[in-house]
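Sharing the features that TrEMBL gives for it:
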type	residues	note
BINDING	B:GLU172, B:ARG218, B:HIS450, B:ARG492	L-aspartate binding site
BINDING	B:ARG218, B:ASP219, B:GLU220, B:GLN227, B:GLU485, B:GLY537, B:LEU538, B:ASP539, B:ARG540	ATP binding site
DOMAIN	B:142-558	domain 'Aminoacyl-transfer RNA synthetases class-II family profile'
REGION	B:196-199	region 'Aspartate'
SITE	B:HIS30	site 'Important for tRNA non-discrimination'
SITE	B:GLY81	site 'Important for tRNA non-discrimination'
Number of protein chains: 2
Amino acid sequence: MRTHYCGDVTEALLDQEVEICGWVHRRRDHGGVIFIDLRDREGLLQVVFDPDREDAFATADRARPEWVLKIRGKVRRRPEGTANANLNSGQVEVLGLGIEVLNQAKTPPFQLDEDDVGEDVRLRYRYVDLRRPEMQQHLVTRAKVTSFMHRFLDENGFLDVETPMLTRATPEGARDFLVPSRLHAGSFYALPQSPQLFKQLLMMSGLDRYYQIVRCFRDEDLRADRQPEFTQLDVETSFMDEDQITTLMEKMVRDLMHEVAGIELGDPFPRMTYAEAVERYGIDRPDLRIPMELVTVSDLLTDVEFKVFAGPANDPRGRIAALRVPGGEALTRKQIDDYTQFVGRYGAKGLAYIKVNDPSQGAEGLQSPILKFLPEAAITGILARTGAQAGDLIFFGADKAKVVNESLAALRVRIGHDLDLLEGDWRPLWVVDFPMFEYDEGDGRYYALHHPFTAPSVETIEDFQAADPEALISRAYDLVLNGTELGGGSIRIHRPELQSAVFERLGIGAEEARDKFGFLLDALEYGAPPHGGIAFGLDRLVMLMAGASSIRDVMAFPKTQTGACLLTEAPAEVDEAALRDLHVRVRKPQRS
Amino acid sequence: MRTHYCGDVTEALLDQEVEICGWVHRRRDHGGVIFIDLRDREGLLQVVFDPDREDAFATADRARPEWVLKIRGKVRRRPEGTANANLNSGQVEVLGLGIEVLNQAKTPPFQLDEDDVGEDVRLRYRYVDLRRPEMQQHLVTRAKVTSFMHRFLDENGFLDVETPMLTRATPEGARDFLVPSRLHAGSFYALPQSPQLFKQLLMMSGLDRYYQIVRCFRDEDLRADRQPEFTQLDVETSFMDEDQITTLMEKMVRDLMHEVAGIELGDPFPRMTYAEAVERYGIDRPDLRIPMELVTVSDLLTDVEFKVFAGPANDPRGRIAALRVPGGEALTRKQIDDYTQFVGRYGAKGLAYIKVNDPSQGAEGLQSPILKFLPEAAITGILARTGAQAGDLIFFGADKAKVVNESLAALRVRIGHDLDLLEGDWRPLWVVDFPMFEYDEGDGRYYALHHPFTAPSVETIEDFQAADPEALISRAYDLVLNGTELGGGSIRIHRPELQSAVFERLGIGAEEARDKFGFLLDALEYGAPPHGGIAFGLDRLVMLMAGASSIRDVMAFPKTQTGACLLTEAPAEVDEAALRDLHVRVRKPQRS
């Protein structure tokens, strides 16, 4: 219907006749002439209608924002001084010769260039929201990212293989979305949380290298920026070890960032063990742009009388860590109170601090409510170990290590942003040597830190069974960028007896293992190759690359925090007959 | 872990040392030497172990089929007369120097080269089944097909955009799979039967050109070769008419077939109206490789006394059609009885026929139980119109047109295969000018032949409302290849008042339309561009290209006809607690 996209009409087409289709972005009447900025996916183009072409002028005069027009006209240079350097088409305009109204439009619920539209309205009228150039650019970036991934992986011998969406419920994971079966009364499919077992089965099928850009589902309580359905790039290979897999995936990410977004990530990405990450940053996905680090000072405080410190200092599961804030002396009482409240969300019962006015004067040069509780030696030790400078402030976390790590990790990021301390734009990091298991005191059992199919770093079942479960290291690896986990994976267990031993350690007995994972245990018996893989969260990756502020902005039709689609009003009630076919009924709400 | 794939070791590597990994395809002991055919994704390689390397020999001697080995060895030419022309590596073999057992394997449930393994066993042990080179080749073809589609559509300015899987139930379609919502008690998501409305909304969002390779779901009773979840290539564009869309898609299919499978489809594909297809073949997806056609002879039989013919000949909804079978005179009584039974499945109450021994002798040269009921003129007319030759047989369908069309269309295909009448390998066809509506006598209402968003060929609402519903033609198009529908699409309605009028004609009142499709009707009000698209069934397309005999053979993990996964045993019962979270309970089976 058209000869060109609006955004592609440039000086190269001067004096030519073009046909364009698009939406009325703006219409104005200026000096007896009608100006229409016509918009399509590629950009804006200014069209001018003179009154001497009566029919076209009359139609242009009637046109309103968001009407859909087809316009025929001649490309000419804009008058001196009226060029628009922000537009690809900004040197030219089109003199309108003909105009056809393809569709009219009601006044849209918000202006496309309005900034502070509520997200609910944007989601309700998503088809208007998605017309905004910024939103279109996000979807274009997303398409470029997946296109790059397909090309890179195809070229590297990976096969794009589809795995089922209607599958079996996963024990040992998040909550599943369930789908009642009509043909098998009382039975349910589950939507996949990931194709983990299927991709391992593909390796046992000899497919050698697999990938898939695949929808996954988790019925979890939605925190900000989580979606019930999300997309991952899922990869698995046989006969490669963790170095080979991470090296290849690192190349993919580096090339992707460079090619699609002009982002340079450096080569190679640094690596850090889980233990070091937690020690220095309190978290296994540190944002390396923030220069502050946690410093353990427990050993300096074992003998103090101050109970807040003495307890954690002498508890094997406790930790006292110092976080030195450069220039933090300037923090106000109110700011410190805010931070104290902030760490409270992570379970910290307080937030001790020392202002460092002049460290050369020892305790004299410091300012803190806790100074009186601390012996001189401890103070000197802390100043030396944190490398405190005049003008700094030192925060302390003292509690169970878990609480200290979580609260100071969050505080570090918050202060890093508040005080504008970030250095560098893009800081990738591989985190490796994760623990195999985490002990849950509440449940009184171990859980797999990654998943129960992750291989331990010990080779034999004897070494596995002899090891202290908390000391066992897994062959897992996570890729972190600017404090966001982009992806994670591991070498998997390929020997059936080791898989059984891991299940056992997780408290899954032989019978239960057979019931839940019988097909995997069987498959491991029939010649499973050594294999491993990784999965990347596509939504979050694109969000970072596109500079979007939420994953909802890089999805065409996202859901709200309660999992609702405001556009189609899903989920919705359904006919009783449909439920009867599926052998289920809705439970009556409990009386309160 | 390896230097080469097994299948890639050729004469180019003579005298080099290689490391290979793979599965033991065959092991044999021959003249005191062990031969192992090692298999990986790329093929087979023969490895020889001499007894003079004791350790390697001993390990090779222990190895059994499907063990996973890593072998180091030297490439050498096979002895004179032992080359295997069927293998890429068939000129060489590897002298084994080292061997490592990566994993052992139990004796597989079937041999990979066994031909008549039951499909249930194959599905239960899919990871063994998928090791067969033929199955791997199917998945490779599938990956090549999707890779081509991504490239072609990316290059043509289409954006790969993801649409939701957890969405709203579709009225007016097949049965939905439903997903109970935990956060919205008593409400359900539906899995999409297709992203139809979302892709239309993307056009209203100004995305201009969209595509997606997307999973779709239909909870229908599964006929042979249907799957509850299937994949389609889904495409939508704005500002293009049906000629432009079909031309571009035709180019994609032609280039795809050529590049991936070496199949040549001709240029351009022929086009045929729906009416012509039904008249000549009884069906809207004729297999043009079969030269036989249906010929209407109703008008020749209006005055006969033979009631079987007189009824349909005089019924406006009736039809009498003749199907001339070249050389059909040779059909036995038993074959004809079989065909009679066969058409009975389609509702035909009988299958009249005339054997044409010598048409030049008039009725004397014919042989048929119905001859005595037919006047000479009718017989002469039929012979002339069907072009019957000596040695032919003419079958007759006489009933409601629907029964005649369905039964003779099926019979035509069956006989075409039985008598080996197919001509040409690949016969694509665009079918166009479909009726808008079909009347269902049972329900006493019209249904949309495609879907209710398909545009009629009339432009204005006045023309639409004035037209006889059964005479209305839609702007839909289907692509057929060898009797299989590869894809179908249409120009969509982009004016809200016309969409409302179509809903009304389908018996969907204003209130119901608003309730079910309110978001679509709203979106049409805010500046919807003219748009249209198409969807291709990926599984069936790959099946044809790969020469597979079932769509299950081009899916990694297909389901059975009852929608079960024999490998993972999905669907399965779930914990009562999980159901309580979802606010549903299983209905007790009805007492019988």
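In case you wondered, yes, glycine gets a Cβ from its N, Cα and C as well.
Heads up, TrEMBL stuff is auto-annotated, nobody curated it.
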If you run the three-state DSSP split on B:LEU538 (ATP binding site), which class comes out?
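For B:LEU538 (ATP binding site) - judged by DSSP and reduced to three states - the answer is helix.
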When the Cα of B:GLU220 (ATP binding site) is compared with the Cα of each of the recorded positions B:HIS30, B:GLY81, B:HIS450, B:ARG492, which one is closest?
B:HIS450
From the binding-site residues B:ARG218, B:HIS450, B:ARG540, pick the residue whose C-alpha lies nearest to the C-alpha of B:GLY81 (site 'Important for tRNA non-discrimination').
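Of all the candidates listed, B:ARG540 is nearest in space.
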Just going by other Cβ atoms within 10 Å, which of the recorded positions B:HIS30, B:ARG218, B:HIS450, B:ARG492, B:ARG540 has the emptiest spot?
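Counting other Cβ atoms within 10 Å of each of the recorded positions B:HIS30, B:ARG218, B:HIS450, B:ARG492, B:ARG540, the minimum falls on B:HIS30.
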Mind checking how the region 'Aspartate' (B:196-199) divides into helix, strand and coil residues in DSSP?
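Split into helix, strand and coil, the region 'Aspartate' (B:196-199) gives 4 helix, 0 strand, 0 coil.
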Using the residues the record lists for ATP (B:ARG218, B:ASP219, B:GLU220, B:GLN227, B:GLU485, B:GLY537, B:LEU538, B:ASP539, B:ARG540), what whole-number Å value is the largest Cα to Cα distance?
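In whole numbers, the farthest two Cα atoms are 20 Å apart.
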Compile a sequence-ordered list of residues in the same chain as B:GLU485 (ATP binding site), six or more apart from it, whose Cβ lies below 8 A from its Cβ; state 'none' when nothing qualifies.
B:ARG285, B:ASP478, B:LEU479, B:GLY537, B:ARG540
Over the domain 'Aminoacyl-transfer RNA synthetases class-II family profile' (B:142-558), what is the model's mean pLDDT?
95
In Å, rounded, how far does the Cα of B:ARG492 (L-aspartate binding site) sit from the Cα of B:LEU538 (ATP binding site)?
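Distance (Cα to Cα, whole Å): 22 Å.
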Just going by other Cβ atoms within 10 Å, which of the recorded positions B:GLY81, B:GLU220, B:LEU538 has the emptiest spot?
B:GLY81
Rounded to a whole number, how many Å is the Cα of B:HIS450 (L-aspartate binding site) away from the Cα of B:LEU538 (ATP binding site)?
19
Between B:LEU538 (ATP binding site) and B:HIS30 (site 'Important for tRNA non-discrimination'), what C-alpha distance do you get in Å?
47
Give me the Cα-Cα distance between B:ARG218 (L-aspartate binding site) and B:HIS30 (site 'Important for tRNA non-discrimination'), rounded to a whole Å.
55
